[in-house]
Amino acid sequence: MSGSPHARILGVGAYRPRRVVPNSEVVEAIESSDEWIQQRSGIRERRFASEDETVVAMSAEAARGALAQAGLQASDLDCVVVATVSHFLQTPSAAALIAHEIGAGAPAAFDISAACAGFCHGVAIASDMIRGGSAKNVLVVGVERLSDITSPRDRGTAFIFADGAGAVVVGPSTEPDISPVVWGSDGAQSDLIRQNTDWRDAVNAADGEMPHLVMEGAAVFRWASFEMAKVAQETLTKAGLTVEDLDLFIPHQANDRITSAMARAMKLPERVRIARDIAVQGNTSAASVPLALARMIETGEAKSGDRALLIAFGAGLAYAAQVVTVP
Ligand SMILES: CC(C)(COP(=O)(O)OP(=O)(O)OC[C@H]1O[C@@H](n2cnc3c(N)ncnc32)[C@H](O)[C@@H]1OP(=O)(O)O)[C@@H](O)C(=O)NCCC(=O)NCCS
């Protein structure tokens, strides 16, 4: 199969867990308040998955939505890429299970581990596969059940992390509807967001405690606000664009103050619409960018043909960004 000159997002889908968890439900265990959480993070409520809302079930729903918008069948997929850090089996991959669940024949299927940056890594990989000729239609899913690995008593994370799934179908295009990616990592700062203990130690400790995420919030905040604005700028330059060419800015929904700091540093024009999905969704790591994109399409804030800058960043530290056209 020869490659396509370019790639584009053909459809977007979302799954938001049923259970809405307002700040009032999380404040007691961390001696916090609704006002503090809203002021420091922009979060009013988030959603936590119930038992039946598994990584596979949530992803399959999001995938069906993306396929429907793309006008494709699951059998049209050549590859399924899943970004997640909360599929709790080393093997089989979530991707293989999701591909089977949606009836996708026998596509290539694999997971990627790049935490909050995972979805934008997946879009970059899908675009390169389509241009390289190794796939025509690729499903990229970002999915998390972070409530499973968040301690309700950890003051720095309990109010931030949440659950959900978002998906896109990426396919061929004659126009540059997905720009070159700008991505990278900084393992020297890997301690800033991490799992508190590895699974083997947790099992050996036999105290029944799940490992959970820990974070140096202030240091992450500084890194994200300053370094990621530079990455966003570099992404525009690589795409041959400026902020004047953008309609939408859809950063990883880490913290609304980080989003605002990046928008200020980039001098985004007022008319560029900015994703603020975190207010009702919390920080859903790999799922946050596709969930925010899906919401903007649902509300009419994002229109077909709009140009959106996506940027995702987090544990690793890892980051990835690209400019895409809204389907
Ligand atoms: C987590 C975060 C909101 C904390 O805000 P912060 O201003 O850095 O908070 P600090 O840890 O410096 O603490 C400031 C004060 O708030 C208090 N505090 C900390 N957590 C609190 C909580 N959950 N509720 C109420 N008060 C809290 C501290 O005790 C401290 O009080 P003091 O000034 O009297 O000593 C912020 O660091 C952040 O958003 N970081 C990035 C998070 C992120 O994006 N993570 C995901 C990346 S993918």
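Heads up, the Cβ atoms here are built off N, Cα and C, so glycines get one too.
Annotated in TrEMBL:
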ACT_SITE  CYS116  active site
ACT_SITE  HIS252  active site
ACT_SITE  ASN283  active site
DOMAIN    110-187  domain 'Beta-ketoacyl-[acyl-carrier-protein] synthase III N-terminal'
DOMAIN    236-325  domain 'Beta-ketoacyl-[acyl-carrier-protein] synthase III C-terminal'
REGION    253-257  region 'ACP-binding'
Measure the Cβ-based neighbour count of CYS116 (active site), defined as the other Cβ atoms within 10 Å of its Cβ.
32
Please indicate, using numbers and ranges, the residues of the same chain that are 6 or more beyond the region 'ACP-binding' (253-257) and have a C-beta under 8 Å from a C-beta there.
40-43, 116, 160, 220-221, 224-225, 275-279, 281-284, 288-289, 291-292, 313-314
Roughly how many Å lie between the Cα atoms of ASN283 (active site) and HIS252 (active site), rounded to a whole value?
8
Measure from the CA atom of HIS252 (active site) to the CA atom of CYS116 (active site) and give the result in Å, rounded to a whole number.
7
To see if you understand the setup: which same-chain residues, six or more apart in sequence, place their Cβ under 8 Å from that of HIS252 (active site)?
CYS116, ALA117, ASN283, SER288, VAL289, ILE311, ALA312, PHE313, GLY314
Starting from the Cβ of ASN283 (active site), draw a 10 Å sphere and report how many other Cβ atoms land inside it.
25
